[in-house]
């Protein structure tokens, strides 16, 4: 059912992922001021003359973000109408629109008015949530028409643990974005020690970097527990099991890419992979959260 909606939702999901990676590229290359303090124009021009590479990166991000934002709104309206009989469709459609608007306002505000590092870090976190909302709408489009949707019966304790893990994952995403915006990516040399110290303190750029290392490592342990719990108690739910295993594999990849950033001196490709993996991980956990909150069959 809804073949065109399925195709469109997949394309939109890919578009959101591209916007997310473009945003990470803007931050990694310091291109946030590539268009000066003007928005939506670039240095007051529709097409900037003799643009520097930073200008091209920033302005292309704005253009693609605008196009994908329009695509998300269309998807939300389409899903609201075609999937309204599905439990999560309206809430996800509403969330997708609100998140993309909020994301755009944060980006525009950062350019025109400037923002603190704490506020700027929200931008990437909202992007991850926006991706998750669109991905879940895409999944709903593919689920529609099936005799039974995935609705595993799990314990209350398991549900609460998943809620805790996804909330904690978002906090880790925020801490990583804060590290980037505070230019603390290379504040800790070496691994596992930080500048030759077991505990360098929690102040300044070094503290921000070290804190992110610690909370990231703890996330890996939390997802290991989630995988073991799922395999031991809910192995008969194949989708739930594979989501838990995938989440753990993703966080392992995230851990490795994070270490690689230090040893490659913040190589651009490694940094983008780091941003990509955590965004996919958050979407996977969002899917798990969605299916375990459904009334069981």
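Positions of Cβ are set from backbone N, Cα and C atoms, glycine also.
The topological domain 'Cytoplasmic' annotation in Swiss-Prot covers 1-6 (among others) and is backed by sequence analysis. Here the topological domain 'Cytoplasmic' (1-6) has Cβ contacts under 8 Å with residues 78-79, 82-83, 138, 141-142, 144-145 of the same chain, all six or more residues outside its ends.
Per Swiss-Prot, transmembrane segment is recorded for 7-27 (among others), and the stated evidence type is sequence analysis. Residues 34, 57-58, 60-61, 64-65, 67-68, 71-72, 74-75, 78-79, 107, 123-124, 127-128, 130-131, 134-135, 137-138, 141, 177, 180-181, 268, 271-272, 275-276, 279 of the same chain sit 6 or more residues outside the transmembrane segment (7-27) yet have a Cβ under 8 Å from a Cβ within it.
Residues of the same chain lying 6 or more positions beyond the ends of the topological domain 'Extracellular' (28-62) and with a Cβ under 8 Å from any Cβ of it are 19, 22, 107-108, 110-112, 114, 180, 266, 268, 271-272. Positions annotated as topological domain 'Extracellular' by Swiss-Prot, on the basis of sequence analysis: 28-62 (among others).
There are 25 other CB atoms within 10 A of the CB of residue 35 (disulfide bond), with all protein chains counted. Taken from Swiss-Prot, the feature disulfide bond applies to 35-42 (among others), supported by sequence analysis.
The active site annotation in Swiss-Prot covers 58. Counting every protein chain shown, 27 other Cβ atoms lie within 10 Å of the Cβ of residue 58 (active site).
Taken from Swiss-Prot, the feature heme o binding site applies to 61, 123. DSSP assigns residue 123 (heme o binding site) to a helix in the three-state reduction.
If you look up Swiss-Prot, you'll see 63-83 (among others) marked as transmembrane segment.
Annotation comment: Swiss-Prot describes 84-93 (among others) as topological domain 'Cytoplasmic'. Sorting the topological domain 'Cytoplasmic' (84-93) by DSSP state (H, G, I as helix; E, B as strand; all else coil) yields 5 helix, 0 strand, 5 coil.
Here Swiss-Prot flags 94-114 (among others) as transmembrane segment.
As annotated by Swiss-Prot, topological domain 'Extracellular' applies to 115-118 (among others). Across the topological domain 'Extracellular' (115-118), the prediction's mean pLDDT works out to 74.
Sequence-remote contacts of a segment are chain residues at least 6 beyond its ends whose Cβ falls under 8 Å from one of its Cβ atoms, and for the transmembrane segment (119-139) they are 6, 9-10, 12-13, 16-17, 19-20, 23-24, 27, 72, 75-76, 79, 83, 88-89, 92-93, 95-96, 99-100, 102-103, 106-107, 110, 170, 173-174, 176-178, 180-181, 275, 278-279, 282-283, 286-287, 290. Annotation source Swiss-Prot lists transmembrane segment at 119-139 (among others).
Away from its own ends, the topological domain 'Cytoplasmic' (140-156) comes close to residues 1-2, 5-6, 9, 79, 82-83, 86, 88-89, 92, 233-234, 237, 239-240, 291-292, 294-297 of its chain (Cβ-Cβ under 8 Å, at least six residues beyond either end). The feature topological domain 'Cytoplasmic' is assigned by Swiss-Prot to 140-156 (among others).
Taken from Swiss-Prot, the feature transmembrane segment applies to 157-177 (among others), supported by sequence analysis. Long-range contacts of the transmembrane segment (157-177) within its own chain (CB-CB distance under 8 A, at least 6 residues past either end) are made by residues 27, 120-125, 128-129, 208, 211-212, 215-216, 218-219, 222-223, 225-226, 229, 233-234, 274, 278, 281-282, 285-286, 288-289, 292-293.
The topological domain 'Extracellular' annotation in Swiss-Prot covers 178-210 (among others). For the topological domain 'Extracellular' (178-210), same-chain residues at least 6 beyond its ends with a Cβ under 8 Å from one of its own Cβ atoms are 27-28, 117-118, 120-121, 124, 259, 261-263, 265-266, 271.
The disulfide bond annotation in Swiss-Prot covers 188-194 (among others). Neighbour density for residue 188 (disulfide bond): within 10 A of its CB lie 24 other CB atoms from the protein chains shown.
Marked as transmembrane segment by Swiss-Prot on the basis of sequence analysis: 211-231 (among others).
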One stretch in 63-83, 94-114, 211-231, 243-263 has more Cβ pairs under 8 Å to the transmembrane segment (272-292) than the rest, namely 243-263
Non-local residues, at least 6 beyond the ends, that sit with Cβ under 8 Å of the transmembrane segment (63-83)
2, 5, 8-9, 11-12, 15-16, 18-19, 22-23, 40, 89-90, 92-94, 96-97, 100-101, 103-104, 107, 130, 134, 137, 140-141, 144
DSSP-wise, what's the residue breakdown of the topological domain 'Cytoplasmic' (293-297) into helix, strand and coil?
0 helix, 0 strand, 5 coil
Using a Cβ-Cβ cut-off under 8 angstroms and a sequence gap of six or more, which residues of the chain neighbour residue 42 (disulfide bond)?
34, 35, 36, 48, 51, 55, 58, 59, 62
Do any residues, 6 or more residues outside the topological domain 'Extracellular' (264-271), come within under 8 Å Cβ-to-Cβ of it, and if so which ones?
24-25, 28-29, 185-186, 257
Under 8 Å Cβ-Cβ from the topological domain 'Cytoplasmic' (84-93), and at least six residues away from its ends along the same chain, one finds 75-77, 133, 136-137, 140, 143-144, 149, 290, 294
